[in-house]
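As recorded in TrEMBL:
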| type | residues | note |
| --- | --- | --- |
| DOMAIN | 3-331 | domain 'Kinesin motor' |
| BINDING | Gly84, Gln85, Thr86, Gly87, Ala88, Gly89, Lys90, Thr91 | ATP binding site |
| COILED | 401-442 | coiled coil |
Amino acid sequence: MSNVTVCARFRPLSSKENRDDGVCVRAIDSETFVFQDDKDDEFTFNLDRVFYQDSAQASIYDFLALPIVTDAVNAINGTIITYGQTGAGKTYSMEGPGIQDCDEHKKGLLPRVVDGMFDQITSSKDFASYTVKLSMVEIYMEKVRDLLDLSKGNIQIKENKTQGILLSGVTEVPVSDSTEALQLLCTGLANRAVGETQMNMSSSRSHCAYLFTIQQDSVTDKRVKTGKLILVDLAGSEKADKTGAEGKVLDEAKTINKSLSALGNVINALTSGSSSKVNHIPYRDSKLTRILQDALGGNSRMALLCCCSPSNSNASETLSTLRFGMRAKHIKASPRASEVKSAKTQEEPCSVTKDEKCGRVLDKMKERMSKEDIKMLEEVFIQEGIIFSLDSMEEVETGYKDIVSETIKSLEQTLEELQLKVKKLEAENKSIKEQALRKQESAAVGKMSRFISSWYASFFTS
Ligand SMILES: Nc1ncnc2c1ncn2[C@@H]1O[C@H](COP(=O)(O)OP(=O)(O)OP(=O)(O)O)[C@@H](O)[C@H]1O
């Protein structure tokens, strides 16, 4: 088991950040710094590595990405994520000022990963032949868009027992060297949704994922292994009042914040469950968490770069980014090399048809459930619009767990509402009783006073 590598990066103060505001970070060493909030409270953070304002792009690649790239070439899945407030330097860290044609020392993680991957592939050519495929998607307004083919505007996320999470029908382009890969990345990036906010002239309005599939065919024993490497440049969290967002930009910001909080919820669920109890992890609450399900669930080496502004004016956002990073540090990962298959087996046409597989899954389900359960489950799946492929048992099970948890949640809510209603009715009942009592009392008093006055009148007249 290994932990997620979590690093923080503080960019230089921007021209909009007032130097007189001061900075919220004080360096101790390459792993430790003190954060000071606006009330002068101090918090000491200890991470795997801290990159201060003057840190070089190369040092971030060497520490955070290179070990993951090496593993991915050896068929161990890897994921690298940049996280942070809008304008904090996520895209700068991921891409640099540009993917192609930028100063060598300013190159970001993505072009370095591509170069590093092909360098390692070239040096292993005597032992294996490699096929690298590249896909690029963005999650914009909760839709997965294929950045290499804009006609695919709503890619479905599926799950498969052997390959894990899959993007159904996504464009996968084989790339044979760095130049080809970088050219393709530029084409895809030109399609990414970018807008202007008060915080960032060129703000990413989507989460962007770069997916490399590296297949290795061994020269000696004809075995085939596959590693997946995913780089994710998240859209930035933002406070509407600070970014001046309105209209479309505000809608985008709301969707971005919602999916980032879904990511936070998944990380909380992964890190706060007791070991004796199987926790429900809400991966299905957003497309982002669903795409990252394998990585967050542990079958991937993972590195997180928390990008931060050093300015006091952004101290509260920086603190929440750092807290997110500290939480993520507790995720446990145990990545395995992908299932090894002989090339021969892979080439053989599958002897079991899809119908036969479906039949087997249904038989398994029938063993565990009554007829009514199955019928009810089917109806609920249809009502909830949950799409699943019957040859994926896990998908059915996860969907079922989600429905159970949703049902419990809604029952709890109904119970709370009923309890409130009961309390309200009890209060109403009490006040009605009191009113009735008061009426009874005043009626009795009235009767008595009428009796006394009539008695008094008859006494004096007689
Ligand atoms: N380490 C750095 N050195 C120099 N400039 C930087 C650095 N980090 C960020 N910048 C600059 O700060 C600005 C904002 O950075 P960037 O666009 O990367 O932010 P972001 O976190 O991706 O924001 P958003 O979430 O809005 O897309 C850019 O002009 C970028 O060039």
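Yeah, the Cβs are placed from backbone N, Cα and C, and that goes for glycine too.
Features per TrEMBL, on structure.
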residue	record	Cβ contacts under 8 Å, 6 or more apart
Gly84	ATP binding site	Lys90, Leu234, Gly236, Ser237, Cys306, Cys307, Cys308, Thr321
Ala88	ATP binding site	Arg11, Gly236, Cys307, Cys308, Ser309, Asn314, Glu317, Thr318, Thr321
Gly89	ATP binding site	Arg9, Arg11, Cys307, Cys308, Ser309
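Thr91 (ATP binding site) falls within a helical segment according to DSSP.
Taken residue by residue with DSSP, Gln85 (ATP binding site) is part of a strand. Per-residue pLDDT, averaged across the coiled coil (401-442), gives 82.
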